[in-house]
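Taken from TrEMBL as is:
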TRANSMEM  B:20-42  transmembrane segment
DOMAIN    B:24-375  domain 'ABC-2 type transporter transmembrane'
TRANSMEM  B:184-202  transmembrane segment
TRANSMEM  B:223-244  transmembrane segment
TRANSMEM  B:264-290  transmembrane segment
TRANSMEM  B:302-322  transmembrane segment
TRANSMEM  B:354-379  transmembrane segment
Amino acid sequence: MYAIEAQGLVKQFDGFRAVDGVNLKVPVGSIFGILGPNGAGKTTMLRTLLGIIDPDEGVRTLLGSDRPITQSRNVGYLPEERGLYQSMRAVDTIAFMGALRGLSLKEGKEKGRALLEEAGLGYAADRQIRQLSKGMAQTVQLMGTIVHDPKLIVLDEPFSGLDALNQAKLEKMIRAQAAKGVTVIFSTHVIAHAERLCERIAIIAKGKISFDGLVSEARDRLRPQVHLETETLDGVWRKALPADTRAEGHWWHFTLPESGVEPLLTALVEGKAGIKSLSIERPGLHDAFVAIAGESVAAEMDEPVAGEIL
Amino acid sequence: MKEIFRAALVIARRDFTAIIYSKAFIFFLLGPFFPVLVGIAAGNLGGQIAREAAQPVVGLAMVQPDSEKMMKARETLAVNMGESYFTQMKIVGDPARDGNKDPQDYLKKKEDNLSVVVTGSLEDPTVTGTKRAVERESAAIELLAAYARNPAAMKLPEAKADFVAETANNDKQLRTVTAQGGQILVFFLTMLLAGMVLSNLVEEKSNKIIEILAASIPMESVFLGKLFAMLGMALLGIFVWTAVGGIGLQVAQGIPNFPTPAVGWPIFITLCFTYFIMAYLMLGALFLGIGAMAATVREVQTISMPVTMAQLINFFFASYALTKTGQPVEQFAAIFPFSSPFAMIGRAALEPNLWHHAVAIIGQILFAILLLRLGVVLFKRNVMKSGNAGRIKDAGKRKLFGLITVRG
């Protein structure tokens, strides 16, 4: 069962293919990350999936419907470009966003107050948005995204502009929603967030999806790295080291051979290499991303945007 | 459809509340009174200036008894004929005292401000002055001289007054006045209020909330909600202005007496109100669509003038058609959606048939829906893109309103 399914999705603007043949499946109840640098097509893809704009080619279903707007009451969406009515009170903003998704204003206000209390912002419920700090306003918008208890939450660059404390709060909220069975899909250009939160990711660059699967599957595309420190620098044991070995003084770095670590250890011991330390490191998502998307795309990732703390 | 209206109501409620609770709304309500106050002030000032300015005077330079008889005759006849019928008069000379003074010498005396001078006798008066002044004053002077010579011969009987509501003369020609009154009223209200819709979506676009709206509800609901909110505000304004205006007219006892329209006053007022709503909805839907394509307030300001000009042309066309009842031009004005409300107001004043109003209103509703749909399609096609909404940057070029490629 998938919350979102897309097949051959294409969206182009004036000949430029912002989304180029995207195939995607987001399982129900998962936390799904869309990774890609700025301008990769993440926002356009999300807008197309949500029905804000129509695709030029391909099909997509949102919670089983090919007309996404009909599922509006079951979806919560936080756009990349945050925006609220400045003269509206915080609680009214949440109620208004709930009302857009079918909630009554009365219920929206009650739930809005409860959510604000829960987030420690109960005191600001009756303040106008213009009187709130940027972080508080973003929290209010987030409350408005979930006030109607959606089945699917879509967050476009949700960590952008948040300080470390609020990023941690947002991560906690995402986990809490997922624990309730809600599907959470978010886009980010910060790999660390996806690595901490997601079970599944899609990597997008230049409008194309280059990977879609479990985070562990992405990591498994790379062999673990071995870091070895020896007392001696030369001996017959050197013949057992793989061809890609890189030497740094008494340190040797290489990819774990297909044959595993045991034959290597035997050769090192028998050759009297004098093992001082040996560690096998599983590759991180960043390494997997570099391997999948390429160095140039990876170089565009993880660059902090204004006001962002990684 | 139900969901579209439900969501439109959410938008309309938000917008309406935001407008009427804003401080600027009081200025909106007071706005129409400013020109009225300015008009009253300017009228008073103009009156003052006119009063203080030297008025033309008819100088009398006849023998003293004749001049006095002329003055008496003016005083008497002005009661029946009205003070404004006769120019002020003044005795400026007497041949017995001045001898054979040239009448032009009286006219040269600036402080008397004489337009003409009357010399000679009551039986044979001579009027001296410019051609225009002489032609203007001669008839009144002849009348006064005749009365002054023999008042008994010109005794004016007093006619009894017997008022009726309608006469055969109160026909199509007179009703045209009512038609024009209705057209002007509806046009000005539409022009004042529908134009405000132009900038209605700029707030949502500038504060980025448009994407939340587009993701949550059909864009038709956004457009419809905004249109209803502005209509609500317009109707509230009209209610306040009508109430204040009505009280003002009652106090001033100056209720204008328009000829009764062909469909009768209650139906005519109802139709005027309905056609205002229809004109507002059609122009509002068009303006909302145009305004939605604009990325900034500056772009909205840029298109305000051509839009106002287009409205004026539309109004003049409908007014012209009023004088061509039953002719193709009038029929076209009644069918062409933008001029139809104004043309149909003309018809309501001139013709008693009601069925064609029903047809026109249905047609106007359908056209408003069509415009709304068109606005939504263009908005979705041109505005909801990544980056700067409505502006597609391409090698130093961008698209104004998402349609016209311009540099910069």
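Keep in mind that glycine also has a Cβ here, set from the backbone N, Cα and C atoms.
Counting Cβ pairs closer than 8 Å to the transmembrane segment (B:264-290), the top stretch among B:20-42, B:184-202, B:223-244, B:302-322, B:354-379 is B:354-379. Segment contact holds for the transmembrane segment (B:354-379) and the transmembrane segment (B:223-244), given three or more CB pairs below 8 angstroms at sequence separation of 6 or more. Among the stretches B:184-202, B:223-244, B:302-322, the one making the largest number of Cβ pairs under 8 Å with the transmembrane segment (B:20-42) is B:223-244. Here the transmembrane segment (B:302-322) has Cβ contacts under 8 Å with residues 176, 179-180, 183, 187, 190-191, 194-195, 198, 283, 287, 290-291, 294, 329-330, 332-334, 338-339, 342-343, 346, 350, 401 of the same chain, all six or more residues outside its ends.
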